[in-house]
Amino acid sequence: MIHLINVKSLTAVLVILGVLFLYSFLSYRTSHQQNITAENRLSADVVAVGNEFHLVAPEHLQYEQPSIVQGSRIDVVAVTPWLAPIVWEGTFNPVLLDSIYKPKNITIIATVFAVGKYIMFLKRFLETAEQHFFVGFKVHIYVFTDRPNEVPPVTMASGRRVNRTRKQPKRSNTLTEFATGLFPEANSDKKRLHFFLQLIVRLVPTAKRWQEISARRMELIQMVIEEQLPNNRNYIFCLDVDSQFHGRWGSESLGGLVAVTHPGYYRDPRSKFPYERRPSSRAYLAPGEGDFYYCGGAFGGLLQEVHHLAKTCRHNFEADAQEGIEAAWQEESHLNRYMWINKPSKVLSPEYLWQDFKPRNPEVHIVRFSGVVKNYADIRPNA
Amino acid sequence: MKPSITHFICKFLYYFKYVLRVSPLSVCSDNGSWRVGDLKMQTGLKYAQPSTQNGRTDVNSVTNWNAPLVWEGTFDPVVIDAIYKKMDPRVAVVLFAVGKYTRFLKGFLESAEKYFLVDFRVTYYIFTDNKGDVPTIKLGKGRKISVVTIPSVNRWQEVVLGRMKWATITIDKQIRNEADYLYMMDIDSVFHNDFGAESLSPLSAVLHRGYYKNTRRDQFPYERRPKSMAYIPTDEGDYYYTAAVWGGYLEDMYRLVKYCYTQSEEDAKNDIEAVWQEESHLNKYLLYNKPTKVLSPEYLWSDYDKIPADIKVVRISQLVKNYEEVRPNGGH
């Protein structure tokens, strides 16, 4: 008899669980069934819920009183018309922002593509990142390259010892992964807060055209993010490898969807922006449209925001390719269209991606990240 | 057999929780289309090109934790409206009209219909001790009035503290199922100009008109007695915010309202009342939980005060009133 009761209650429990499961599964499914509209919208898989927005500051932090009627910068605009901050030196207090973001225990992910001869830029990129990029935070840098053996051994500043571990490559169809970890010495410089930078190298096939390398970036970014989800509290920045850091790039750059204004066009009228102008492309922006010209060489944000961007741009790029069109500046064109419709919640000034060959304009008080001078014929597979 | 069933149920619930976390259920409005964090705009919208060089130079447009400081001229209402109307959030406005304060309802509501979040879905939650005093107002499409009856009190200070208590209870029981954003507003005010979607953010606070210009932080009227839960030392503080207008995501506002309520209760147990009641507790909370948008004093001015040059637009203004007439315990 006891046996009979157990069976009945078990069946009841299973039926209830089955109903709950079916309900949640069905509602999860319907959220996927949104067709791709002319506005490039793909159905979203996850919701960006507010940990990003809880800006908790520690008690008793000492800093100068902020002013309301005196902006520290009057030569530049510090907010977009949709009220996203435009980050310039002087518009933020780094101590306050760091004190807000460090306790959140986030990891900053960075992706760089060092395919073909571009591997030559990686050493300088990594060395300068260690000095300037999110110092004091956990940083994971994903390096995509077809020459994993040329990934340089990086010596850390201030004489810290480097521990390198090399795992056996896993078997997978296209990618081989092995991790090089860099660990700070136990009793390193006491002024440095706990700091952990990890380098993860991913193998990608060699490409014949530089445009192909450019095009695959979105797909690879999408895949890296998908591995990280459902942990959605972290941020990702996708950066050009042929650049180096000269100044702080830190928590002031964090936001839901973060774009960088291109150094070549931030003073120009929108008619001069090199948007894709052929209506047949999915990156098309009509005359009279567009806020800023954003860089394809530096963008970022919360994982799921960038995932949506990467997925959309990749889809549009591939759809264009099937019709025999390649946008004027490849994924940068698609990114610009995406950000016209999906407004970035934070815009970084050209301090965040300058060009070494350009003399500095007076409003750029500090160059934080800058493309190095290079000879394209030397480094592109199909110059 | 029993241990394995529990194990199976636990595993299933873990998966279920994961599915719930990625499903839009938890933050969806009734038509399932609203999503947190989207600044999406429709294609084909035309507006003036934004500049990186030329903006307002007489005021600061960002705080030092990089949140926007909203003034006329820092935003384009065309873009803002396009973005937020696409989101189509439900907005709740919590209003207390107790005792003689019901006389302000008509002016507030009629002007709100003209200027406050026009063409958005707005529900006014009117907390009153006299339902019969609530006037009939012609409301726009998608706009509602919901009356919540609360008991009368004898002191105006109790009215003010009661706001936090009743707001906490009603948000918890009712409003959280009916709104995405929530505003707390003082009823004795009238709208004069557009108060729009540029004010929406996870947590929006308004600068108090009396202390935004040159007041040093040690002069802000924070609660200065360490005995009170609202205590702020003289070397801390960003701005002084008003408690007459505040808003944000429902859950963030609920947390803040509840905080003000519980902190006031704690103070009451220790025989102390913060110098500006919930405004003191609000300022303490916002010092350590930074607002995501700070609204200029355009978003709460006062008919008592002359309008200075940096206030280009007065969007809502507190009325001059005879305190003896309207307060339950006279002037004080």
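Any Cβ shown, glycine's included, is placed from N, Cα and C.
According to TrEMBL, the protein has these features:
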{"type": "ACT_SITE", "residues": "B:GLU279", "note": "active site, nucleophile"}
{"type": "BINDING", "residues": "B:PHE96, B:ALA97, B:VAL98, B:TYR101, B:ASP186, B:ILE187, B:ASP188", "note": "UDP-N-acetyl-alpha-D-galactosamine binding site"}
{"type": "BINDING", "residues": "B:ASP186, B:ASP188", "note": "Mn(2+) binding site"}
Fill in the CA-CA distance, B:PHE96 (UDP-N-acetyl-alpha-D-galactosamine binding site) to B:GLU279 (active site, nucleophile), as an integer in Å.
15
Where does B:GLU279 (active site, nucleophile) sit by DSSP, helix, strand or coil?
helix
Note down the number of other Cβ atoms within 10 Å of the Cβ of B:PHE96 (UDP-N-acetyl-alpha-D-galactosamine binding site), including every protein chain shown.
23
Any further residue of that chain within 8 Å (Cβ to the Cβ centroid of B:PHE96, B:ALA97, B:VAL98, B:TYR101, B:ASP186, B:ILE187, B:ASP188) of the recorded UDP-N-acetyl-alpha-D-galactosamine site:
B:LEU95, B:THR102, B:PHE104, B:LEU105, B:VAL159
How long is the line from the C-alpha of B:ILE187 (UDP-N-acetyl-alpha-D-galactosamine binding site) to the C-alpha of B:GLU279 (active site, nucleophile), rounded to the nearest angstrom?
16
Chain-internal residues, separated by at least six, CB under 8 A from B:ASP186 (UDP-N-acetyl-alpha-D-galactosamine binding site):
B:ALA244, B:VAL245, B:GLN318
In Å, rounded, how far does the Cα of B:ALA97 (UDP-N-acetyl-alpha-D-galactosamine binding site) sit from the Cα of B:GLU279 (active site, nucleophile)?
18
Rounded distance in angstrom between the Cα atoms of B:VAL98 (UDP-N-acetyl-alpha-D-galactosamine binding site) and B:GLU279 (active site, nucleophile):
19
What are the non-local neighbours of B:ASP188 (UDP-N-acetyl-alpha-D-galactosamine binding site), defined as same-chain residues 6+ apart in sequence with CB under 8 A from its CB?
B:TYR101, B:PHE104, B:PHE108, B:GLN318, B:LEU319, B:LYS321, B:VAL326
